[in-house]
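J.: For reference, the structure I am asking about is given below.
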């Protein structure tokens, strides 16, 4: 004998049991009375992406609402609840919670809408929905990439202010739960809920719930992609200090290569970041390193200039043979040295009556000047011009000093930088 299909009348019995047709569910429960309390708890499933360029994050979560609607109470001898899907949700009143500062959001609908409604005999209701939301996060990149970002997802009722609906965390700090979340560039330091009020001049005060989380950026990726290559380029620029000062092609090509490489690194980092109006920590490091590389090129320009002046003076003074080609020597590939030139001393000039008189006058003047007494302050005989002349005549010393000054200064800069931003 064929059995009757009881599922055909199950939905009708449920709607009759809940008396849905007997009430106007366009109105909130207890309309005209005190505000209805709506408890919230959230389980964060994942943080899908965090975008520095767009300054937002995408999160998937289970949002659960708890409230009581006496209109849906039903008699039950077993005290068991009844569970429904999205089809019944559209026929009753549910809280109109939305996400403040959200850019995009949607309810998952594969294979059906991910919505659950559970009604208890005393009228208590659990309403759960699975949502993916993309919300704004105002990030501060002053310490990027050694930064810590604080973001929050904010929940609020759209239509009902605090006189009609009171949002609160169902279980206090335990109302926010998270699965094991692993991010590629961030480490999640903290997840915690909070509560506040929001005021709108036209509609009044609204309860607002916050899902706060703190993200600390992993530095290892940027060490490999930015900091280590920058350090290597700066150290590579110091190699020119050990190359002979007359090896013009070698030193110029090395300097230009390091400058162009630093420009490429700076451009690549700037392209992946938002165009902010303040200086980031990585900008300070990159531009300071670029300055070191640029100064190494300027250092060789000074060495080359002083060397040229020195050779021209020797050539004019007769200390270099007439057949010596200074231009070829300056462009020579690092094999030429000063001792390769036969520097013949000047022949002693014959004495004349004029020179004898000048020598006699000089000796008289020196004899006329009294020796400095104790307590007399001696005048400095080495002026700036004299020091400059000394450097110009000994241009090789610039390279010698640079081999020590550049590494020590860059080491000091790194110590200060990492102590400030770490």
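Cβ from N, Cα, C; glycine included.
Annotations for this protein, taken from TrEMBL, read as follows:
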| type | residues | note |
| --- | --- | --- |
| DOMAIN | 20-218 | domain 'Neurotransmitter-gated ion-channel ligand-binding' |
| TRANSMEM | 219-240 | transmembrane segment |
| DOMAIN | 226-312 | domain 'Neurotransmitter-gated ion-channel transmembrane' |
| TRANSMEM | 252-272 | transmembrane segment |
| TRANSMEM | 284-306 | transmembrane segment |
| REGION | 346-379 | region 'Disordered' |
| COMPBIAS | 351-366 | compositional bias 'Polar residues' |
| TRANSMEM | 401-420 | transmembrane segment |
J.: State the residues, same chain only, that lie 6 or more residues beyond the ends of the transmembrane segment (401-420) and have a CB under 8 A from a CB inside it; answer 'none' if no residue qualifies.
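T.: That would be 234-235, 238, 241-242, 281, 284-285, 288-289, 292, 295-296, 299.
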J.: State the residues, same chain only, that lie 6 or more residues beyond the ends of the transmembrane segment (219-240) and have a CB under 8 A from a CB inside it; answer 'none' if no residue qualifies.
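T.: Sequence-distant neighbours of the transmembrane segment (219-240): 145-146, 184-185, 250-251, 254-255, 258, 261-262, 265, 269, 282, 285-286, 289, 292-293, 296-297, 299-300, 402-403, 406-407, 410.
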J.: Please list the DSSP helix, strand and coil residue counts for the domain 'Neurotransmitter-gated ion-channel transmembrane' (226-312).
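T.: Its residues fall into 73 helix, 0 strand, 14 coil.
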J.: Looking only at the domain 'Neurotransmitter-gated ion-channel ligand-binding' (20-218), what is the mean pLDDT?
T.: 92
